[in-house]
Amino acid sequence: MTFSIHGLPVARGIAIGRAVIMGGRVDVAHYFVEPEQVESEINRVREGRNAVIEEIQRLQQTISQMKPKEAPHELSALLDVHLMLLQDRDLIDGVKHWIQDRLYNAEWALTTQLEVLSRQFDEMEDEYLRERKADLEQVAERILRYMKGVASPVQPAPRRKTSQDLLLDDSVDVPLVLVAHDLSPADMLQFKQSVFAGFVTDVGGKTSHTAIVARSMDIPAVVGARSASQLVRQDDWVIIDGDGGVMIVDPSPIILAEYGFKQRQAELERGRLARLKHTPALTMDGQKIELLANIELPDDAAAAVEAGAVGVGLFRSEFLFMNRKGRLPDEDEQYEAYRRAVEGMKGLPVTIRTIDVGADKPLDDGIRDAAHLNPALGLRAIRWSLADPAMFLTQLRAILRAAAHGRVNLLIPMLAHATEIRQTLSLLDFARAELDNRGVVYGPVQVGAMIEIPAAALTLRTFLKYFDFLSIGTNDLIQYTLAIDRADESVAHLYDPLHPAVLQLVAQTIAECNARGKGVSVCGEMAGDVAMTRLLLGLGLRSFSMHPSQILAVKQEVLRADARRLEGWSHEVLAAEDPGRLLSKEETQ
Ligand code: PEP
Ligand code: MG
């Protein structure tokens with residue numbers, strides 16, 4: 001039966017494929033194996049199952065030697081049931097299928113089959129049989145525990161499948177769509193080169209970091225879809241509409257045809273936009289607009305150049321520190337990574353932001369920082385760096401060294417206090433002095449600050465005294481101005497980029513920088529939103545930094561805009577009680 005689930009649109013486009021449900025078991029690894037690893041993965045499950053069978057048999061023997069009072073008959077009957085379940089063909093064949101046909105790793109295959117069988121138990125009429133589900137879960141848990149103690153001989157091996165054409169074809173190349181309760185930015189990063197054609201998560205806001213990474217992958221994604229991971233079943237056919245923020249489950253042929261059409265239209269539109277790649281970003285009245293890229297990893301530089309970016313406006317360096325099981329990259333490793341990004345940009349400038357972890361970007365996979373009640377207001381970004389000067393100095397030295405290979409700007413996140421600014425700049429001097437002492441070559445950097453806390457936007461004079469340029473992080477600026485957690489879907493409707501208070505802080509920052517001749521850009525998600533381009537141009541913004549996939553659409557808006565004429569209208573929007581209304585009116589001018 002067809003039904004739809006609504007969430008928040010995160011990354012545009014349509015994906016049609018089969019659902020892969022990732023359960024809430026945080027301790028189970030999910031990755032794809034290479035075909036030659038299939039046998040060893042099947043063996044791992046087999047060994048786990050055999051070990052659990054032996055364990056139960058040993059227990060049965062012990063029980064048989066006990067007095068009836070000490071070992072009730074029910075216990076032995078229960079163990080019989082467990083043994084029976086462990087030998088059940090549906091379990092064994094199902095797990096094999098997920099490994100052989102889908103190349104899931106052993107743990108993922110086992111939990112997937114567990115889910116399939118659990119559904120079957122749920123549908124049973126007989127209450128006794130229905131209750132056997134709990135036994136099944138217990139035996140699967142035992143196998144998983146055994147496997148956890150035995151290291152996987154294989155490493156995660158991403159595999160890319162791009163086939164988008166499907167007409168309910170059950171071949172191996174059917175696109176897969178990941179449906180999960182939650183994914184951390186670190187999980188997302190691991191999936192960056194994977195097979196998935198789309199993502200849906202139960203939780204998350206539009207500018208959560210998980211959503212940001214999904215957007216950088218340029219595949220349809222929906223977050224905040226509440227109980228999607230429970231309502232959708234493993235292998236269900238689903239459509240993800242990343243523009244509308246909807247997932248359609250078990251679509252009828254008519255709906256499939258309609259979305260197939262939309263998918264082809266979107267492809268055509270992309271083809272049309274691609275022609276703008278080499279067109280200079282000039283407004284109709286001749287204003288030159290800088291369109292920069294946001295990247296997460298050095299290799300993303302290629303996509304930035306490909307999209308026609310004139311530089312990187314935000315390299316979120318914290319992603320280099322994730323998925324590393326506690327071992328942070330040392331100076332040389334970081335230097336190599338930054339250098340790769342700089343060289344990848346072929347002479348164009350790269351703005352490297354120092355590490356911004358904490359809040360919804362924890363370092364450890366999938367673990368939210370439970371120790372802090374309010375992580376978004378806690379030890380995040382520059383606060384984290386200043387709390388660990390040795391780590392920060394390592395990063396600063398690595399960035400300075402990379403600056404010897406091209407144009408590098410250094411960007412500091414989440415500053416609010418003059419003392420933090422001074423501390424940061426003296427650590428930067430210290431890092432230079434350390435390199436001088438070691439006789440290591442390094443290059444010059446322009447130093448900038450992110451304006452993403454209202455306190456910073458309200459004390460611009462201090463910031464402009466110390467920094468060469470400013471970059472407005474609207475994602476956090478909105479979060480902290482409106483007191484709305486950007487990752488919390490339950491308040492997503494209040495997360496409003498067009499709130500007059502937000503717009504005023506953005507407008508003042510742009511105006512002040514322009515008046516003082518200092519560079520200013522917006523690097524939050526607002527910069528890549530075509531609905532905001534004209535407003536930001538009218539407010540005087542000339543530098544936008546966004547995901548590479550958004551550059552051409554924003555360029556199209558720029559080419560159609562007359563920046564001077566937009567000024568008066570933008571200031572009307574700024575003064576309005578409800579700017580959103582005026583924004584839609586401008587369309588008809
Ligand atoms: C922002 O806050 O707008 C920003 C660009 O930084 P991040 O999204 O990484 O917090
Ligand atoms: Mg931020």
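Just so you know, glycine gets a Cβ as well, placed from its N, Cα and C.
In TrEMBL, annotation is done automatically, which means it is predicted and not curated.
Phosphoenolpyruvate binding, as stated in TrEMBL, involves R316, N475, D476, R486; the candidate among R275, R353, R438, R516 given for that site is R353. Confidence over the domain 'Phosphotransferase system enzyme I N-terminal' (6-132), given as mean pLDDT on the 0 to 100 scale, stands at 83. The Cα atom of E452 (Mg(2+) binding site) lies nearest to that of D476, taking the recorded positions H209, R316, N475, D476 as the candidates.
Checking the recorded positions (H209, N475, R486) against C523 (active site, proton donor) with a 10 Å Cα-Cα cut-off leaves N475. Across the fold, the C-alpha of N475 (phosphoenolpyruvate binding site) and the C-alpha of H209 (active site, tele-phosphohistidine intermediate) stand 10 Å from each other.
Recorded residues R486 (phosphoenolpyruvate binding site) and H209 (active site, tele-phosphohistidine intermediate) have their alpha carbons 9 Å apart, per Cα-Cα distance. Mapped onto DSSP helix, strand and coil, the domain 'PEP-utilising enzyme mobile' (176-245) counts 18 helix, 19 strand, 33 coil. A strand conformation is recorded for R353 (phosphoenolpyruvate binding site) in the three-state DSSP classification. In terms of DSSP secondary structure, the domain 'Phosphotransferase system enzyme I N-terminal' (6-132) contains 81 helix, 16 strand, 30 coil.
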